[in-house]
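Per Swiss-Prot, the features are:
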- R100: active site (ACT_SITE)
- E103: active site (ACT_SITE)
- S126: active site (ACT_SITE)
Amino acid sequence: MDLVTLDATQHASYPEYCSLLFQGKASKQLSFEQIANHLGRSEVAVAALFYGHARASQEDVEKLCELLGIPPADLSKRLRGFPDRGKGVDMPPKDPLIYRLYEIVQNYGQAYKAVMNEKFGDGIMSAIAFSTKVDKELDDQGNAWAVITMKGKWLPFTRF
């Protein structure tokens, strides 16, 4: 199994605890899916914790420390703090996969907005009251397809 790791020299803007999490993940040879199952959370939510883009509950911290063999004192206060979301990603992104996601919004953002406005009215899709997941599908020829599902609460603009 190929596992994602973190090269802290290339990602100096991430919080220090990110390296601890990734070191524990690598030493235990665990995927985000396996860690997510242990925490009872989604893979994407767990990956966001590892990059410092999400806040962990005390239960998350305890389970992570137990699973990854990290002393709780090293993580508890830092991982329970308020995250600095969005830090560490250049705009436009340089990583090819992240750039493709950016490109999807560039190419289809107006179309998504138009269809959503017609279906829901004037407003926005929340990225706070939000969930997302990634699935893998194989077509009839055996080609792998990435399926990204995003679900956000609709927030209508208010008149004032």
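Just so you know, glycine gets a Cβ as well, placed from its N, Cα and C.
Overlay of Swiss-Prot annotations on the structure.
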| residue | record | Cβ within 10 Å |
| --- | --- | --- |
| R100 | active site | 11 |
| E103 | active site | 13 |
| S126 | active site | 12 |
Expressed to the nearest Å, what is the distance separating S126 (active site) and E103 (active site) at their Cα atoms?
20
